[in-house]
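Peer 1: A single structure is presented below for examination.
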């Protein structure tokens, strides 16, 4: 199907040659929203097309403006509510109407949790044909002030000769000017309030790529630049970070590095008295409170005993592996990136953990042949990326594990992998959502499988 522009809108030419009715960008349409989709958008049906409307709730009568269309699918943004859902609330953030960072602030937190629970249950039923024997209560932290890392968009506007600083608009490369964000942790909110002014004051702002903010055992500002920073601009950034009590990191063509080579970043796992080192670019859960609850629940569900060996797949920096090692006889932890394996090993030694072994392996391939596979395990923990762990779970039963905890950031791939595990004789004993990203439709979940 080819796509053509016409009169500021979109025109589609089906392969058969019959021209589809034009749906111009910007067109407004009155709609009745039937339900909410998995990505948090309202769904409506009219004239043979499916409309996805961001900002709309089930049962509402709304007016929506077209953002784009393709075939029988139209993407739109809420413009006006004629008949509101009783669940609707005024979004707490003043930037919500334009910023693309959050998409569920118009729904109270209890409603967000119910939506995510429903989406997980629907995926498990539709794809795997199962429901858990028991639903666990959602794991929740604060609905605002939770995010400990953020990427700030920066772009030099050649025509206006000004620096745009903020977050991306929904479904757009436009930058919404923002100097406050209520989902950030308080230390990052304080930095964000002054960051745009500082960046715009630089003598060569066009050298900037983007900026990342981090909060853990210390705060950090990472400035990515496409050309060398003038000395005066570097001095200005250093002064800003000193005043904010934050580290300054820079990244040009190489890896990120602190301006002060002695500085380090880390995050605490307080219940276990641990501190894990990490660097900008490493994966780390953005929600510290829910991360702690998640680890505690995973350990409770796996219940590793002092004589047991546990396998941790997609181990990252050791977020699960190190607490697991406090309870199990031995933990074998596997990660796909060698640099992460080395940092996880360093984290283990830095926390006096010596019963965890770390290996690099391509976990997009079947496990057969790896040196650690033949050793056998009592329990397995998986924390894969959005693609899931399809190749890994194909042979998971051969490891001999009686208990398996699967931490998922994508209900669709969790459901797909659940079907495989059930086919190998595992029961879906328990499942529940992890509210890692309040105010968004992003669903994280944990599932416990037991053999037999």
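Each residue, glycine too, has its Cβ placed from N, Cα and C.
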Peer 1: Taking Swiss-Prot at its word that 314, 319, 335, 362, 383 bind S-adenosyl-L-methionine, choose the one of 285, 419, 424 listed for that site.
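Peer 2: So, going by the record in Swiss-Prot, that would be 285.
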Peer 1: From the candidates 140, 181, give the one listed by Swiss-Prot for the same [4Fe-4S] cluster site as 93, 99, 102.
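Peer 2: Swiss-Prot lists 93, 99, 102 binding [4Fe-4S] cluster, and from 140, 181 it also lists 181.
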Peer 1: What does the structure give for the C-alpha distance between residue 335 (S-adenosyl-L-methionine binding site) and residue 409 (active site, nucleophile)? Integer Å is fine.
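Peer 2: Cα-Cα, rounded: 17 Å.
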Peer 1: Output, ordered by sequence, the same-chain residues six or more apart from residue 181 ([4Fe-4S] cluster binding site) with a CB under 8 Å from its CB, or 'none'.
Peer 2: 93, 95, 101, 147, 150, 167, 188, 189, 192
Peer 1: Any same-chain residues 6+ apart from residue 383 (S-adenosyl-L-methionine binding site) with CB under 8 Å of its CB? Would you list them in sequence order, or say none?
Peer 2: 312, 313, 314, 315, 316, 319, 320, 407
Peer 1: Any idea what the Cα distance is from residue 409 (active site, nucleophile) over to residue 285 (S-adenosyl-L-methionine binding site), rounded to a whole Å?
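Peer 2: So the Cα of residue 285 (S-adenosyl-L-methionine binding site) lies 11 Å away from that of residue 409 (active site, nucleophile).
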Peer 1: Other residues with Cβ within 8 Å of the Cβ centroid of 93, 99, 102, 181 at the [4Fe-4S] cluster site?
Peer 2: 95, 96, 101, 105, 167, 178, 182, 183, 439
